[in-house]
């Protein structure tokens, strides 16, 4: 939705000391989102003038010479516009005025000196396609103006247009009045408008069938329409809506001021019997575009469709400059009916967008009052609207459990209460009474959201919870997580033969023998799961399953719980990364080391407090028939990392590349251990390696915050 900052400022009665930037910031803080801000002003130093005399340039019949009185002096200005009249007021560019990047200067034209240029609306910065036809390619004339007043101030040209994204449940805020009320609540001001609750005379002859509607009212004025001022036309154009005539412009004013779609009909073309029904036929909508209706909701005069409900009018019944008698219609309809019609018409307008959203009874009532104000409330209506405030049980203590504090003792409570009262909320008798324009408030949580919008999320004081770390023997975390790494769970026997129980990587002191057993194949509890996992691999390979990634949580030795992983598909480093992902919340360190049955170059042991708790290896070809990488971890011995709450640092990370000279590959693990223990280091990565004689040189890139980089340079003697 496009809003004029000047109009919002005026309606919300905001002091000039409140800057545009503060208003924009307030819109964001109270739950809306400013998508863009555009400066509207494209001119400077223009003036009001009074045409005292008009005559033709003797050397050019298409040029009119105008003698014009300005606040500072008389000037002669020539123009090709043929609608200039004596005793009419105009707006003009005079010497040193600017139009975009063009500076206006006095100059001779066809033998007559011209001291400026008369303004059209297009030259003031308005889109030509939005200007009324009567002003197209013409100078706009005024019946009255104050020569001392600056036209830029009078027409609100020194303005900013903000494009605000409105939440779908806040359709009411698509209008100036409610957005201004929101700003008034934020800045604690009294608005320059009043939400009234008027009662009108009922039309004696109108018969309205409201079936298929949520609310529907016809309004027939009994007094002449107040002229839509040029200032109001400019406001409509600032919303990127075309101006047509006073009747249509009034409906568009109601749209932007109250977010209420409104239609106007030529009264002489419709009957007094109006109904809302679903119709299937071909019609010609405004703009003479023909469409086929397929059970679409329409407003009918007797049996003739006069508009597609909430979307657009039918061409034959619209108003124009010649319309003398007219009827306005405002209605609320089911959103599904409107959305279906939008698809049929294939026309996406501001009116159809708002009709497709839920509209409250309060918005409906405000729109009716605004519309009738242009006739001094001298109207006949098909019915009057009920305006009852909804309520539900509520006490402020209801919010305490959500905020973990006594709400009434919060430092800004009274200020927020005042803001909510400005919005129309009433808190009394253990109830909250809701503004009638709000349809989105239903629960205590909604009141909490309203409270926090004006309290300010940035003003909340958060207290970190007291987290007590504990160890758990629940293995579900592994069973749920590991499959996401592309491993399938398998099940194997814990019992093996004595001949096969030859691998003891954890150095168990004794084998666990069964006193009774069914066969020699199942007489001991295994000391490692590696042979069992290889058997599963071989089983799958025989069945042409070539890529095998498996895991199991099983028993080894004296009821030790072991996590085993095997892959014949992944590289050693990729497999190691999987293990790191599984152990991300555990205390451990990697060290160079291995066993007789592991590959000499691809083998790592896992320790915690110098105790062996696991290993990662590639199987040695002399001991195993298949090629695979394997990991085994005593998960009952894993300890959880201590959870610490730290403030988030939003500054960018810096990098530092350091060369480490180590005599052997095992020395690299010592470097890693040193880096892991340093709390100043955010992360690190090996990026290069080369051999120099008997020395290995590793280049490691370190990421850290800027304030820690210098300390790290000192630590590593850089």
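Glycine residues also receive a Cβ, built from the backbone N, Cα and C atoms like all the rest.
Helix, strand and coil counts from DSSP across the domain 'tRNA-binding' (40-153) read 12 helix, 55 strand, 47 coil. Positions annotated as domain 'tRNA-binding' by Swiss-Prot, on the basis of sequence analysis: 40-153.
If you look up Swiss-Prot, you'll see 387-462 marked as domain 'B5'. When the domain 'B5' (387-462) is classified with DSSP, helix, strand and coil residues number 37 helix, 9 strand, 30 coil.
Marked as Mg(2+) binding site by Swiss-Prot: 440, 446, 449, 450. Counting Cβ atoms from all protein chains shown, residue 440 (Mg(2+) binding site) has 16 others lying within 10 Å of its own Cβ.
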Largest tally of Cβ atoms lying within 10 Å of a Cβ, found at which of the binding-site residues 446, 449: 446
Predicted model, mean pLDDT over the domain 'B5' (387-462): 92
Other CB atoms within 10 A, centred on residue 450 (Mg(2+) binding site): 23
Cβ-based neighbourhood (8 Å from the centroid) of the Mg(2+) site, residues 440, 446, 449, 450 excluded: 438, 441, 445, 447, 448
